[in-house]
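Engineer: Could you have a look at this structure, given as structure tokens, before my questions?
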Amino acid sequence: MINFGSCWGLASVTSNSFSIISGFSSNSVSHAHDMGLVPDLPPTVAAIKNPTSKIVYDEHNHERYPPGDPSKRAFAYFVLTGGRFVYASLVRLLILKFVLSMSASKDVLALASLEVDLSSIEPGTTVTVKWRGKPVFIRRRTEDDINLANSVDLGSLRDPQQDAERVKSPEWLVVIGVCTHLGCIPLPNAGDFGGWFCPCHGSHYDISGRIRKGPAPYNLEVPTYSFLEENKLLIG
């Protein structure tokens, strides 16, 4: 038979023992904390264990990161907005310029080519026309000029070229009138070879526009051209 009195007494003893143990444990930790044996919890851990909605004012962070001046914030916003506007304007301008360059007008295309009437040019004379901002020499050569141009030994030339490679019609020589040395304009019907002479540094070109003497490294450049009719020349 079960003795309820004995069980109740045992339960009381157990409960009292647990209370004593709990009190001993709590008191032991408290005394250990007071004596410095248990370190303080880090602030982050303490904040998690004891959450609070109170705003803590940190004077140290306030000194390191002072609040901004409203006028300065407005100025920074103004500068940032203005910079974005300028950047967008530049991008728009570049795109517009690219589109316009891709669709050249008739005036631009007309300047890219030049039509010349050759009927008024006498044999043995040279005329100068302007094409793309550069002078172009057009010489109507005589039979003697043609024979002289074809009698040159190519081995003696600095920039070897046959006369036939530089003309489309033996009677007409078309070259850009810019010295290949430093860009001066040579004088026609001058020099030691009856062609052109550059007064800047003394380069001599023959009747085919080939460099024969002086510092120029290359012959006078031959532009792109074609004959529209017998007396019509299209440069470009």
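Cβ coordinates are placed from backbone N, Cα and C, and glycine is handled just like the others.
In case it helps, Swiss-Prot gives these features for our protein:
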{"type": "TRANSIT", "residues": "1-24", "note": "transit peptide"}
{"type": "TOPO_DOM", "residues": "25-73", "note": "topological domain 'Mitochondrial matrix'"}
{"type": "TRANSMEM", "residues": "74-96", "note": "transmembrane segment"}
{"type": "TOPO_DOM", "residues": "97-236", "note": "topological domain 'Mitochondrial intermembrane'"}
{"type": "DOMAIN", "residues": "146-234", "note": "domain 'Rieske'"}
{"type": "BINDING", "residues": "Cys179, His181, Cys198, His201", "note": "[2Fe-2S] cluster binding site"}
{"type": "DISULFID", "residues": "Cys184-Cys200", "note": "disulfide bond"}
Engineer: Taking just the CA atoms, what is the gap between His201 ([2Fe-2S] cluster binding site) and Cys184 (disulfide bond) in Å?
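Structural biologist: Approximately 9 Å lies between the Cα of His201 ([2Fe-2S] cluster binding site) and that of Cys184 (disulfide bond).
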Engineer: Under a three-state reduction of DSSP output, how is Cys198 ([2Fe-2S] cluster binding site) classified: helix, strand, or coil?
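Structural biologist: In three-state terms, Cys198 ([2Fe-2S] cluster binding site) counts as strand.
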Engineer: Around the [2Fe-2S] cluster site formed by Cys179, His181, Cys198, His201, which additional residues qualify by having Cβ within 8 Å of the site's Cβ center?
Structural biologist: Thr180, Leu182, Gly183, Cys184, Pro186, Cys200, Gly202, Ser203, Gly214, Pro215, Ala216
Engineer: Taking every protein chain in this structure into account, which of the binding-site residues His181, His201 has the most other Cβ atoms within 10 Å of its Cβ?
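Structural biologist: Most Cβ neighbours within 10 Å: His181.
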Engineer: Take the C-alpha atoms of Cys184 (disulfide bond) and Cys198 ([2Fe-2S] cluster binding site) and report the distance between them in angstrom, rounded.
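Structural biologist: Cα-Cα, rounded: 7 Å.
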Engineer: What counts of helix, strand and coil residues does DSSP assign across the domain 'Rieske' (146-234)?
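Structural biologist: The counts are 11 helix, 28 strand, 50 coil.
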Engineer: Using all protein chains shown, find which of the recorded positions Cys179, Cys200 scores highest when you count other CB atoms within 10 A of its CB.
Structural biologist: Cys179
Engineer: At 10 angstroms around each C-beta, which of the recorded positions Cys184, Cys198 has the fewest other C-beta atoms nearby?
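Structural biologist: So among Cys184, Cys198, the recorded positions given, the one with the fewest Cβ atoms within 10 Å is Cys184.
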Engineer: Taking only the Cα atoms, work out how far Cys200 (disulfide bond) lies from His181 ([2Fe-2S] cluster binding site), in Å, as a whole number.
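Structural biologist: Distance (Cα to Cα, whole Å): 9 Å.
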Engineer: For the topological domain 'Mitochondrial matrix' (25-73), what is the mean per-residue pLDDT, to the nearest integer?
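Structural biologist: On average, pLDDT over the topological domain 'Mitochondrial matrix' (25-73) sits at 53.
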